[in-house]
């Protein structure tokens, strides 16, 4: 009987996690693409730094870029209760509100890259769906670093070895670099996204620990 109840609780937990994550991503995309297509103020190009353009254009890196949407779901997938997930979604929501506020009041775009995208079929598909607006800060980068922070904490608490932690770091860095090799962002966007995540993530985790949330 107890095993049946446990299975029922586990099934409900997985269902709520799947629904919560899917709904959060859906609502974010609605707001993101609305601001992308209907900027409230004149759109300015993000400034270039001397290191911009040093990384090559890599068609296959679009797959790494898209993998963010799997990556940010992993922390919720490893969580054992809805309280932890609600705190994770709280931090993600705060970052979204900050980023979307910048996109509304200070809309930016990535400077045009003189490339023939027909030679890069994956990137051509990416740019047909998500043209390079809503650039700074890069929420793609911010969410990669945010998810990495939560995953690192979950792995630390669970006592896993160095290999999963290393994979976590490598995956995060790969996603960050993919925003540059796909030419979806420039370095100022990337650095701003990292800064945003490094402000929100520690505060979010601190609040979760303060509330004695079991990760």
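Glycine residues also receive a Cβ, built from the backbone N, Cα and C atoms like all the rest.
Listed in TrEMBL:
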- 15-35: transmembrane segment (TRANSMEM)
- 55-74: transmembrane segment (TRANSMEM)
- 86-106: transmembrane segment (TRANSMEM)
- 114-211: domain 'Phosphatidic acid phosphatase type 2/haloperoxidase' (DOMAIN)
- 186-207: transmembrane segment (TRANSMEM)
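Residues 21, 25, 92, 113, 115, 119-123, 125-126, 140, 143-144, 146-147, 151, 171-172, 174-175, 177-184 of the same chain lie 6 or more positions beyond the ends of the transmembrane segment (55-74) yet place their CB under 8 Å from a CB of it. For the transmembrane segment (86-106), the residues of the chain that approach it from at least six positions outside its boundaries are 20, 24, 28, 31-32, 35-36, 39-41, 44, 72, 75-76, 79, 133-134, 136-137, 139, 142-143, 146, 150, 196-197, 200-201, 203-205, 207-208, 211, 213, judged by C-beta separation under 8 angstroms.
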